[in-house]
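Comments concern the structure below.
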Amino acid sequence: MAQLVGSLRKELADSLSSCKVLVVGAGGIGCELLKNLVLTGFKNIEVIDLDTIDVSNLNRQFLFQKKHVGLSKAQVAKESALQFCPTANITAYHDSVMNPDYNVEFFKKFVLVMNALDNRAARNHVNRMCLAADIPLIESGTAGYLGQVTVIKKGLTECYECQPKPAQKTFPGCTIRNTPSEPIHCIVWAKYLFNFVSSVSCSCSQLFGEEDADQDVSPDMADPEAAWNPKETAAESLASEKDGDIKRVNTKDWARSIRYDPVKLFNKFFKDDVMYLLTMDKLWKKRKAPIPLDWHHLEKTSPQEVSGGGGLKDQQVLGIWGQCQLFRHSVETLYSQLQEKGEGAELVWDKDEPAAMDFVTAAANLRMHIFSMNMKSLFDVKSMAGNIIPAIATTNAIIAGLIVLESLKILSGQIESCRTIFLNKCPNLRKKLLVPCILDSPSTNCYVCVSKPEATVKLNVHKTTILFLQDRLLKERFGMVAPDVQIEDGKGTILISSEEGETEANNNKFLSDFGIRNGSRLQADDFLQDYTLLVNVLHTEELERDVEFEVIGDAPDKAPPPQANQEEVNNIANGNKESSKQSTSAEDDIMIVDSDVEEQASSSSAAVATGATKRKHFDVDSESSVKRPRTDQSMTPSDDDDDEIMELD
C-alpha cells in the first residue's frame with residue numbers, strides 16, 4: 001500500500017516540498033493560487049508582480065486588506081500566504097517579469113512556471129522564456145464566469161502563440177472624429193477629449209491630460225470620404241464666434257484663457273465643431289446628419305429634465321439636460337484639480353476617479369445624442385471606457401484550484417494526462433461545468449515554437465520606417481523585448497541594435513533606404529528570449545486603409561458577417577442598427593484588461609449553449625481569436641472526460 005502524506009503519496013509530497021516553482025502575477029488568480037500552493041505542500045515559491053494594491057482589488061484579492069493599498073502586491077501576497085504556512089520559503093519580486101534580470105538562466109532554476117497575468121505582451125514573453133528554458137508552463141485565465149487552464153510544454157503541446165490572436169480592436173480616426181455610428185466610438189472620442197484636443201491644423205494640445213497627436217478629436221478634414229474643399233465651404237459654417245470664441249488654435253491655451261468655462265467648452269465641442277462637420281456635406285448623403293446642441297437653447301427648453309428611469313444611480317440614463325449638468329459639474333471639478341496641482345499640471349484619466357468618469361460619461365452621451373444614438377448609463381460607459389468584464393472571485397478560486405491539480409500531474413511525471421480545462425457559465429449537454437480537452441500538438445505554422453521560426457510580412461518599404469519596424473512590428477506584433485535586426489544581404493547590414501544609441505540614427509529612415517525590397521529577408525534576434533525570427537518582406541502599395549502591415553497566414557479576426565436585409569439597413573440610425581436600441585450591457589464593446597480577467601478562457605457563449613467540448617481560446621486584449629478546425633477524434637471527448645474525478649497519482 002502506498003504511503004500517504006495527507007491526501008498525497010509520500011513521493012509526490014516530498015517532490016512538492018523540494019521543488020521550486022514560479023508564480024507570475026499576484027492578482028485575483030495569483031492570490032488564490034499562492035494560498036493553494038502553500039496549503040498543498042509547496043515549500044519553495046517565487047512570485048513576481050509589478051503592480052501595487054488598489055482599493056478596487058479588495059473585493060476579490062483576499063490576501064490584501066485596506067491597510068495594504070498602495071503597497072506591492074507580490075510582497076503583501078507573500079506575507080499573507082506565510083500566515084497559512086510559516087515554514088514555506090517564499091521570495092517576492094516587485095518587478096516586471098520582462099526585466100532582463102529574469103533571463104533564461106533565471107527560469108531554468110524552476111521545475112514549473114504558473115501564469116496569472118493580465119496582458120498579452122507578458123504572456124508572450126513568459127511563453128518564450130519557458131520554451132527557451134524547456135520547462136512546463138501552466139497558463140490560465142478567467143472572464144466573468146468563464147475560465148480556462150492549459151499546460152504548455154516544448155515539443156509536446158501548443159505554445160501560447162501557436163494560434164494567432166487578433167489585434168486589440170481599434171477604430172479609424174476619421175470614424176471617431178467625423179462619423180461615429182456606435183456608442184463605443186463616442187466613448188473613445190470622450191476619452192481622447194479628456195486628454196487631447198487638436199486644432200484644425202492638427203497642432204495637438206491638451207485639455208486636461210498629456211498630449212498625443214494620434215488621439216485627435218477635431219473634425220478630420222483629411223477624411224477621403226468627405227472629399228470637400230474647405231475654402232468653398234468655410235462660409236457655410238455657422239460656428240459661433242460669439243459663444244465659444246473659437247479660433248481653432250491651441251485648445252488648452254484657449255481653455256485656460258476662458259478659465260475652463262463649461263458653457264463655452266460645451267458650445268465648442270457640441271455645437272461649433274458639429275456645425276463644422278455639417279459643411280462636409282458628402283459625409284451625410286447616406287448617413288443621418290448630426291444635430292448640434294446649444295447650451296442656452298437647452299437651458300430654456302429642458303431645465304426640468306434631469307434623469308430617466310429608476311434603479312441604482314449609476315444605472316440610470318440621464319436626460320439631455322442632466323448630461324449637460326454632469327458635463328458642467330465635472331469640468332468645474334477637474335479645473336479645480338488642475339489649479340490645486342499648479343502651473344503646467346496634467347491630469348491622468350482614471351475610471352475610478354469620479355470627476356474623470358463623469359466627464360467621459362457626459363461627453364460621450366452628448367455626442368451619442370448628436371449622432372442619433374441612445375445614451376448610456378454611467379455603469380455602461382464605465383464598463384466600456386475601462387475595458388472591464390466584472391471579475392468573479394469564485395471563478396478565480398476554481399481556476400486556481402485547477403492549476404494546482406495540473407501541477408500535481410506534472411510533478412507526478414504524468415504530463416501526458418494533463419488537459420486543457422474549460423469552465424463554462426452553464427452546464428453543457430453532459431451537464432458539466434468543467435470540460436477537459438486533450439492538449440493540442442504544436443502548430444507547424446507557429447512563428448515561435450517551431451525549430452526555425454519564420455514569418456512573412458506585407459508592407460510598403462517606401463513608407464515603413466526602421467522605428468516602426470522595431471516598435472510596431474517586432475515588439476508589439478511579434479512580442480520581442482530587445483530585438484537586434486540585420487539584413488540577410490551577404491553583408492550582415494545592421495538595421496537595429498539593442499545596444500542603446502548604436503543605430504538610433506536609422507530610426508526615421510525607410511526600409512527602402514537600406515536596399516530592402518520585395519523578397520528581402522531580415523533576421524531578428526532577441527537574446528533575452530533566446531529567440532530568432534526570420535522575416536520575409538513582401539512589398540505592396542495596396543494595403544487597405546488604416547492597415548500598415550499584414551502578417552501572411554494570420555487567422556481572420558472573425559467570420560464574414562451575415563448579409564443584412566436591405567430594408568433593415570435603410571432604417572439604421574446613423575448607419576448602425578444597435579445604436580437605435582437601448583442597451584443594458586457593454587459586453588459587445590469591451591476588451592478585457594483587468595488583472596483578474598485572463599486571456600485564455602472562451603468568450604463563446606454559443607459553444608457553451610450547444611454543449612461543445614472544445615471552445616476557442618479567448619484573449620483579454622481583443623475579441624475571441626480563431627481556433628483551427630480539429631479532427632473528429634479530438635472533437636470527441638475521451639472516456640475519462642465523462643468522469644468528474646481526475647486521477648492525480
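Just so you know, glycine gets a Cβ as well, placed from its N, Cα and C.
What TrEMBL says about a protein is an automatic prediction, not a curated fact.
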> Which range, 52-78, 214-240, 322-348, 511-537, does TrEMBL list as region 'Disordered'?
Replying inline: 214-240
>> I'd like the number of other C-beta atoms within 10 A of the C-beta of G25 (ATP binding site), please.
In response: 32
> At the Cα level, what's the spacing in Å between D49 (ATP binding site) and C159 (Zn(2+) binding site), rounded?
Replying inline: 22
>> When you rank C159, K191, K268, K425, C446 by Cα distance to N59 (ATP binding site), which of the recorded positions ends up on top as the closest?
In response: K425
>> Other residues near the Zn(2+) site, CB within 8 A of the CB centroid of C159, C162, C446, C449?
In response: L131, E158, Y160, E161, P442, S443, V448, V450
> What is the separation, in Å, between the Cα atoms of D118 (ATP binding site) and K165 (SUMO1 cross-link)?
Replying inline: 15
>> Roughly how many Å lie between the Cα atoms of G25 (ATP binding site) and C159 (Zn(2+) binding site), rounded to a whole value?
In response: 19
>> Rank the binding-site residues C162, C446 by how many other Cβ atoms lie within 10 Å of each Cβ and give me the one with the fewest.
In response: C446
